[in-house]
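Data first, discussion second: the structure below is written as structure tokens.
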Amino acid sequence: MNYIPYVIEKTGRGERSYDIYSRLLKDRIIMLSGEINDGVASSIVSQMLFLEAEDPEKDIYLYINSPGGVITSGMSIYDTMNYVKPDICTICIGQAASMGAFLLSCGTKGKRFSLPNSRIMIHQPLGGAQGQATDIEIQAKEILRLKSILNGILASNTGQPLEKIAKDTDRDFFMSAQESKEYGLIDNVLEKSFK
């Protein structure tokens, strides 16, 4: 069971209680924690759209601590990151693996960060298929199509050649924060808050 802390904010009109995520949203901070699925993606997308409507000129800060998750859910977040006008600052806290690492790399260039002891992992898409041979063939073609799309975006985000991305994502490829900076997934390793 997840415990969600509440914070008290004092104003000129008294006190107001917020759950911590609502309070962070006031500061344009979105937390992407845990597995990426349709529910998590809907929440992240909704928050980005809300923050764009509030102020399309101010950056949005997306903190990521995720083992990855469903490709289509992650792609809805990715598409929204590109769709909204504000720059998206991505910050890895803990880990960004699989789709989490992909989204970390998709922040606005120059605004992709990691804390020093985070780990980042990229790999090829995971999938499974069952049913008739033709159904399995259809699923295999689709996962190869998604692999090609993801590798192309990672190559663009990192500046690495597509062939290197394909080789490195063939199996789990773990990096430290510093190694992910050298690879091009992030732009800087943060020791202190930059806000």
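First residue shown is number 1, and so on along the chain.
Glycine residues also receive a Cβ, built from the backbone N, Cα and C atoms like all the rest.
Residues annotated as active site, nucleophile in Swiss-Prot, with sequence analysis given as evidence: S98. If you look up Swiss-Prot, you'll see H123 marked as active site.
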Inset, instruction - Could you state the whole-number distance in Å separating the C-alpha atoms of H123 (active site) and S98 (active site, nucleophile)? - result: 6
Legend entry - Count of other CB atoms lying within 10 Å of the CB belonging to the residue listed as 'active site, nucleophile': 25
Inset, instruction - Determine the Cβ neighbour count for the residue listed as 'active site': the number of other Cβ atoms within 10 Å of its Cβ. - result: 17
